[in-house]
Each structure stands twice: as structure tokens, then as C-alpha cells.
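**Q** Mind looking over this structure? Questions follow.
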Amino acid sequence: MKVGVIMGGISSEREISIQSGNSVVHALDKDKYEAIPIVLNEKEDLIEKVKGIDFALLALHGKFGEDGTVQSVLKTLGIPFSGCGPLSSAICMDKDMTKRILAFGNVRTARWVMVSSVDEIDYEKIENLGYPVFIKPNNGGSSVATTLVESKEAVKDAVLEALKYDTEVMIEEYIKGDEITCPIIDGKMLPVLAIKPKGKFFDIASKYEDGGADEFIVKLNEDLHKEVEKMALETYKLLKCDVYARVDMLVRDNVPYVLEVNTLPGMTKNSLFPKSAAGINMSFEELLDTIIEKSLKVNRE
């Protein structure tokens, strides 16, 4: 089977995507698959470069990759692909839409407000959230242009920085707690990982540099584990995820809050999903096998 590993792309996460893609190419079972690296440099590359492949393994991150656009093109071309479909991908990429759906489904998430320009900043609403707050692009990933803002004076600059990457900016309540992540594959939760960033929060350096954060499988107390699992699976269902996804949470005073959902989690040697899979003795190669097998079973018609 010819497996095209699609990486690169045009988002701010291009370099991370290439790291993921190269890791995947090296880890795929050579006896089962012919791995074909496909590096996208511009949108137009996609249709030409996927000709002749049997399956698209997506190692893309961010816009034009994680937002449902590539999934829609592949679906139109009749090429099966890994992970969530176009709708779920688009929803999960939009942080505001994700949180609206979670709130509708009574899944706990941090409070937030949205702005599209500095003129829309409502300092009273932000005061109501309580400082510090996180300010980030609505459709960004890997914590690109994400700022932890301690005071009113720093809000405008942080919003302007986030607006360089997106037309909408989220201003979100800061929940000081323990960050955990819940990888889900085929509707089942893998071991929960704790994330202890060396910096103030799990920023882009913490995520992708060796030693940027301590990440390890954590044993939660029984009641908390049950609630985390219930929330993670409910989130996965509400957002119509398929095959695999990663639900990120914060736990404050034994109370979990859903942060966001990654429909194409990183697949570098530092990535969280492979670390979690290793907790049930699933190798990186076996994880990729499972993703391909489950993705092929999902009806894309």
C-alpha cells in the first residue's frame, strides 16, 4: 500500500509538521507500506502530489492541514486519510466554536471572550475573567502568539500580536492548575499524561524542544480519573471526532476543565500521543498501524 505522508504546509507550524512527517516516514512498517514523503509548499501542491497514493497519512498542523480543508480535498478525490473528517477538524481548529459546543454540552471549560480588533477590547469583561488571562489566535496551534497577560496595560499589545496570525482573538480565563492530556484512539482513552512545563506555560518551546517540559504518565485518583475519562470521551463525541484525537485539560483543585482538542496531534519523538501509547506497550510503529487500519474502516463516502 502506497502511504503518502503529507507534511509541511503553509501554517506557522510548518517546521513542526515536517518533524512529525519525517518521524512517521521512518517509523512506518516497511513490510506493509511504501512510505512516500509529500512536502506541501503551497496549497496547489496537494492535488498534484497525492496522485497515485492509496492512503494519506496526515502529519500537517495548523491552517490548511488541521482545519478540514485538506481533508475535504482528499475526500473529494476519493483518497482515504488518517484521523478526523472535515467537519470535526474545522470545529476543533476554531477554539471559540469548540468552547461553544462544549458549553452547550455542559462540559466544563475556561470562560472566554472574543475580539476581532483592538477597538472591540472590553476591559470590563476581561476584568470579570480576572487577570492573568491568556490571549491567543482563535485558529492557532502549538501556542504560537499565545501570551499570558498579567495586567490591563499589556492586553492591547498581546491582541495585536495574535491578530498577526488570525482575524479573531480569544481572551481566556487563566486556570492555574495541572495540565494533563488525554489521547483517544478508536473511542478509547489511552493513559493520561501530566505536563509540567519548565516555563510559565506549555508554549511552543516547551512542546517541541528536548527538555522543554516534563511529560509522564500520571495515575490520577480513581474519582478524578473517572471524571477525566468521561469528559474526554464526551468531548470527543460532541465534536464528532474520528479515529484519534487528543483532549487537553487543566485540573484545578481536583476539578478538570477542557482546554482544547487536537485532531492531528504531533508525531515527533517528543510528542505526547506516542508517549501515552507506550504506556500500554504500543510502539510508535503499532500506533501508526492502528491509525491507518481504523481510518480505512471509517466510511468516507
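Cβ from N, Cα, C; glycine included.
Residues or ranges marked as domain 'ATP-grasp' in Swiss-Prot (evidence: sequence analysis): 99-293. Annotation source Swiss-Prot lists ATP binding site at 126-181, citing sequence analysis. The Mg(2+) 1 binding site annotation in Swiss-Prot covers Asp248, Glu260. As annotated by Swiss-Prot, Mg(2+) 2 binding site applies to Glu260, Asn262.
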**Q** Looking at the binding-site residues listed here (Asp248, Glu260, Asn262), whose Cα lies nearest to that of Ala154 (ATP binding site)?
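**A** Result: the closest of the binding-site residues to Ala154 (ATP binding site) is Glu260.
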**Q** Which residue among the binding-site residues Ile126, Val133, Ala154 has the fewest other Cβ atoms within 10 Å of its Cβ, if you could check?
**A** Ala154
**Q** Only counting partners 6 or more residues apart, tell me which same-chain residues put their Cβ under 8 Å from the Cβ of Ile175 (ATP binding site).
**A** Ala110, Leu250, Arg252, Tyr257
**Q** Taking only the binding-site residues Asp248, Glu260, Asn262, which one has a CA atom nearest to the CA atom of Ile126 (ATP binding site)?
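**A** Among Asp248, Glu260, Asn262, Glu260.
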**Q** Three states by DSSP: which one describes Glu168 (ATP binding site)?
**A** coil
**Q** Given the binding-site residues Glu161, Asp248, which one has the fewest other C-beta atoms within 10 angstroms of its C-beta?
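**A** Comparing Cβ neighbour counts within 10 Å for the binding-site residues Glu161, Asp248 gives Glu161.
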**Q** Reported as an integer number of Å, what is the Cα distance between Glu161 (ATP binding site) and Asn262 (Mg(2+) 2 binding site)?
**A** 23
**Q** In Å, rounded, how far does the Cα of Thr147 (ATP binding site) sit from the Cα of Glu260 (Mg(2+) 1 binding site)?
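**A** Answer for this pair: 16 Å between alpha carbons.
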**Q** For Glu260 (Mg(2+) 1 binding site) and Glu168 (ATP binding site), what Cα-Cα distance in Å is obtained after rounding to a whole number?
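**A** Their Cα atoms are separated by 16 Å.
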**Q** Mind giving me a neighbour count for Glu168 (ATP binding site)? Other Cβ atoms within 10 Å of its Cβ, every protein chain shown.
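**A** Total other Cβ atoms inside 10 Å, all chains included: 17.
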**Q** Tell me which of the binding-site residues Val133, Glu168, Asn262 ends up closest to Asp248 (Mg(2+) 1 binding site) in space, Cα to Cα.
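**A** That would be Asn262, the closest of Val133, Glu168, Asn262 to Asp248 (Mg(2+) 1 binding site).
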**Q** Can you tell me the three-state DSSP label for Ile175 (ATP binding site)?
**A** coil
**Q** Asn262 (Mg(2+) 2 binding site) has how many other Cβ neighbours within 10 Å of its own Cβ?
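**A** Its Cβ shell of radius 10 Å holds 24 other Cβ atoms.
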**Q** Any idea what DSSP makes of Glu260 (Mg(2+) 1 binding site), helix, strand or coil?
**A** strand
